[in-house]
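Chemist: Handing you a structure now.
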Amino acid sequence: MGDFNLALVIVAVVVSVIVLLVSVYLLVNYQHPDDANQAYFPKLVVVLGLTVAVLSILMLPADVANRQACRKAVYNGACNLTLPMKTLWLVVYIVDAVLVFLVIPFAMFYYEGDQDKSVGKRLRTALIWVVASAVVCGLVLGILYGLVGKVDFTVRHLSSSVETFPNSFSGLSSGQPCISSLPRQCAASTAPSSSLTTWTMRATFPEYVVALTTIVGSVLFTIFGGVGIACLPLGLIFSFVRRPKAVITRSQYIKEATELGKKARELKKAAEALHQEERSGNKGRKWRKNVKAVEKELLLLEDDMKALEEMYPQGEQAETTWAFTVLGYIAKLIFGVVGLIISIAWVAHIVIYLLIDPPLSSFLNEVFIKLDDVWGLLGTAAFAFFCFYLLIAVIAGEMMLGLKLVFITIHPMKWGGTLMNSFLFNVGLILLCSISFCILCTSNCCSGDLRPHIAISSWN
């Protein structure tokens, strides 16, 4: 068991380092060129937020493996020698909440501050806004907690009279499991429906805040997860179907480039006209509608330019560039097919195991347990893969979906063109979704030896 724990610690450290490096890689490739070599504090927050979001998901299979380390121990207290998962879960969720409600808003206010001001003034302004927001949110949460900060549990009230302790238990059997002579009066399954009652207790304030955060995260998770779980694999497959079949000729390239140049000049004229209207103070509904139309056309123009560059690679390594382009589309097809299978499995599992009562089958649970029987950590690894895929689907749905709420516009992230304020906002949404994601996996996709510690301790 000691060797198992040591291996688990090593794997946890290695995975954490890999996640951190991947977060830095995403930041470097998604950031806008205007943010290069500046905005270091918002970038640090982005990397930390992405790392916490991914690790909160990967902690689920780590928790499962940690429980299995002491499952077959022969002495009491063996599980006390494993990783302190309850403490780690608590730390992750506290860091998650601090990032979402304090650090990320502070970084956004700091980033969007007047660049002409000194760093001290920008920090002071951001701090004032964050404190004001925290006071308002604290008052709202305090009022709600005082009015409805209670939890209702449906329980079955059972009672019995005192019986003399028997000298022998030979009279007990499946037909007579109780000491009393009355048949099966101690069994809860035969209790009348009138024994059901509601037990109300006040939740602690941190638990209440986590519950409200989970509700908000569940709404976002439903939107982004529903979009991502379908669009991620289908987008990869359709990308392969619509791939450039061959390199175009130079004359075709010049023709297409000329057409794109005309569109670019038209968009430039439209943007200049809108800028002139903005200076004159004419910023009505029609102006905002035209701005959105120009932004949409600009995005389409950039996509067309990227597609044209793929169809006509240039430079000394043109053949190598085309070969990598072909391999990239083949990889998209493979990942798209695998992702489609996993997406169908997730949807089928939710329908079979969650929506139908009683469940028709435990489905993925049985698959993971049987894989564990084949090799010690194979089921845990498969569970980690399915969890991580769902997180990627949520992130993909969040990045590709442009959603306008009542007061907030969620900007889809773009490779090589995402400003830090949009990056911070999207990372905050991902962190909110990660909480609901963990609850989904622990309550609906785990059973028996695959149920993590958070499901049986932290939330009870």
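The backbone N, Cα and C atoms fix where each Cβ goes, glycine too.
As annotated in TrEMBL:
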- 257-311: coiled coil (COILED)
- 6-28: transmembrane segment (TRANSMEM)
- 40-62: transmembrane segment (TRANSMEM)
- 90-111: transmembrane segment (TRANSMEM)
- 123-148: transmembrane segment (TRANSMEM)
- 208-241: transmembrane segment (TRANSMEM)
- 333-356: transmembrane segment (TRANSMEM)
- 376-397: transmembrane segment (TRANSMEM)
- 418-437: transmembrane segment (TRANSMEM)
Chemist: Taking contact to mean 3 or more CB pairs closer than 8 A (sequence separation of 6 or more), are the transmembrane segment (376-397) and the transmembrane segment (208-241) in contact?
Modeler: yes
Chemist: With pairs fewer than 6 apart in sequence excluded, do the transmembrane segment (418-437) and the transmembrane segment (90-111) have three or more C-beta pairs that lie under 8 Å?
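Modeler: Contact confirmed: at least 3 Cβ pairs fall under 8 Å.
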Chemist: Where else in the chain does the transmembrane segment (40-62) make close Cβ contacts, counting only residues six or more beyond its ends and a cut-off under 8 Å?
Modeler: 8, 11-12, 15-16, 19-20, 22-24, 26-27, 31, 83, 85, 88-89, 92-93, 95-96, 99, 103-104, 107-108, 110-111, 380-381, 383-384, 387-388, 391, 420-421, 423-424, 427-428, 430-431, 434-435, 437-438, 441-442, 446, 452, 454
Chemist: Report the listed stretch (123-148, 208-241, 418-437) having the maximum count of Cβ pairs within less than 8 Å of the transmembrane segment (333-356).
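Modeler: Highest pair count goes to 208-241.
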